[in-house]
Structures are given as structure tokens and as C-alpha cells.
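Features as listed in TrEMBL:
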{"type": "ACT_SITE", "residues": "Asp60", "note": "active site, for OMPdecase activity"}
{"type": "ACT_SITE", "residues": "Lys62", "note": "active site, for OMPdecase activity"}
{"type": "ACT_SITE", "residues": "Lys62", "note": "active site, proton donor"}
{"type": "ACT_SITE", "residues": "Asp65", "note": "active site, for OMPdecase activity"}
{"type": "BINDING", "residues": "Asp10, Lys33, 60-69, Thr117, Arg179, Gln188, 208-209", "note": "substrate binding site"}
{"type": "DOMAIN", "residues": "4-224", "note": "domain 'Orotidine 5'-phosphate decarboxylase'"}
Amino acid sequence: MSKPVIVALDFADDFECIEFLSQFPKDTDLFVKIGLEMFCQFGYPFVRSLRNRGYKIFLDLKLHDIPNTVRRTCEMIAKWDVQMLTVHGSGGSEMIAAAKKGLEGSNTNLLAVTQLTSLGQSELSEELMIPQKSQDYVTHLAKLAFDNGADGVISSALEVPMIKEVTDESFLCVTPGIRPKTAQVGDQKCVATPKEARELGSDAIVVGRPITQSEDGFSAYKNICQEWNK
Ligand SMILES: O=c1ccn([C@@H]2O[C@H](COP(=O)(O)O)[C@@H](O)[C@H]2O)c(=O)[nH]1
């Protein structure tokens, strides 16, 4: 099976989103990410409607709360038949283990966010006052996630080799912050091209605006898939 390009559906309304999806031929094996923007507006019925179309779903809610709340939330999401769910790794060992417990019996992969790809070394040290070097912080959180039952992490593609080294080759590294050479970087600080992500060992890439804001979203998607799967 080829590794997926996951399309981040960050749209202001569901009509715009469905219109975007209508460009894709029906037999496209589409893996989409529903994040906070769309989930806050349209909730579970929207997730269900995309699942009913046959899409694979990455529900990117980045849960970050006390273990009991996260476990109970995950118990509910476990019934939704989504393929991936995120929590923040910085929620700690108990919270990660509680999320995994909540997902028990489902096929949902639990992914822990290490360091947001919109944060660079200076934000980490100067704003968040985290004394470690970014790479050490990321590998520490990845190991914490691995040791507490997560199936993988969300990280920059640039960190994948180090993460696989401290965890396991099978530990999933799903990487946003992907920018083809000609695309605008925007608010992302840690970026890689699809080709770089593949060479660094990412298991899946997440791409939003370079596809969703392109004049021809389907062509942009196909070009990225081609570069990624070469
Ligand atoms: O560290 C992270 C975690 C999640 N994201 C999400 O991925 C997409 C990226 O969208 P682009 O438009 O390609 O920048 C977006 O939905 C983020 O919420 C991330 O970028 N970094």
C-alpha cells in the first residue's frame, strides 16, 4: 500500500469543502484531515458524512486535558471509525495512556503532537521557556508517547530519523509542514518538500493550503502524490 497524502480540509464552510471535494474522481482513495476549524462548526455529523463517502479520516482535535476527560472523550470517538486522532504529547504520560485506553477496541491510531510545525527554536526557548534544544524536546516527547501506547507522532519531517531511532521503525511519523518548492510557507516554520519527507522516512504527509487554495486542487494533489510516491 502506498503511503498516504492526507489533505487538510481547513475550510470556513461545509459547502466550500464539498465543492472542493467534488473535483476528485469518485474512485480516489482519499485520506482527509478534519481539524478544529471544521469540527467546531459541523461536529460529528460532518465526520460521519465524509466517512460515508468512503474517505479515510484523520480527526485532528489535538486533545490536551486531564487524563479522565481525555479518556472519556476518546471512548466516544472510538465509536466513530476514524483512522487517526491526535492528542498533545505535552499533556504527559498519564494523559497519553488514558487516550489509548479510551480508544481500546477501535481501529483508531493515536498520534501525539510533539512540537507544532509552526514553532521554531526561538519560540520554544524565548516564548515557551523550554530549555532543551528543539530536537531533544521532540525526541523526548516522541519517546514518552511511544512508552505510553501511542501509535505514532505528528512532527516535522525533519525530525523523523531521530524519532524512529529512539522509538521503533514501525512507530508512525505523520508530518505536516509540507511545502512543494513553489508554495508559500505561510505560518509554518519547520517545512519540507514531499520528496524530502519521503527521503527522511515519513509514513504520511499532511498537506492543506498548497492543495486547498490552489486554482486546480486535484492537479495540485496529483503532483504532490507523484513527488511523494516516486
Ligand atoms: O504540528 C502541526 C500539527 C498539525 N498541523 C495541521 O496540519 C495542517 C497543515 O496545513 P497547511 O495548510 O499545509 O499548512 C493544518 O490543518 C494544521 O492544523 C500542522 O500544520 N502542524
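Sequential numbering from 1, following the chain as shown.
Even glycines carry a Cβ here, placed using N, Cα and C.
A map of TrEMBL features onto the structure.
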residue : record                              : Cβ contacts under 8 Å, 6 or more apart
Asp10   : substrate binding site              : Gly35, Glu37, Met38, Gly208, Arg209, Thr212
Asp60   : active site, for OMPdecase activity : Ala8, Lys33, Ile34, Gly35, Leu36, Met84, Thr86
Leu61   : substrate binding site              : Gly35, Leu36, Phe39, Ile77, Leu85, Thr86
Lys62   : active site, for OMPdecase activity : Leu36, Thr86, Val87, His88, Val113
His64   : substrate binding site              : Val70, Val87, His88, Ser90, Gly91, Met95
Asp65   : active site, for OMPdecase activity : Thr73, Gly91, Met95
Pro67   : substrate binding site              : Glu94, Met95, Ala97, Ala98
Thr117  : substrate binding site              : Ser155, Ser156, Thr175, Pro176, Gly177, Gln188, Lys189, Cys190, Val191
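Proximity of the binding-site residues (Asp10, Leu61, Pro67, Thr117, Gly208) to ligand 1: a Cβ under 6 Å from the molecule is found for Asp10, Thr117, Gly208.
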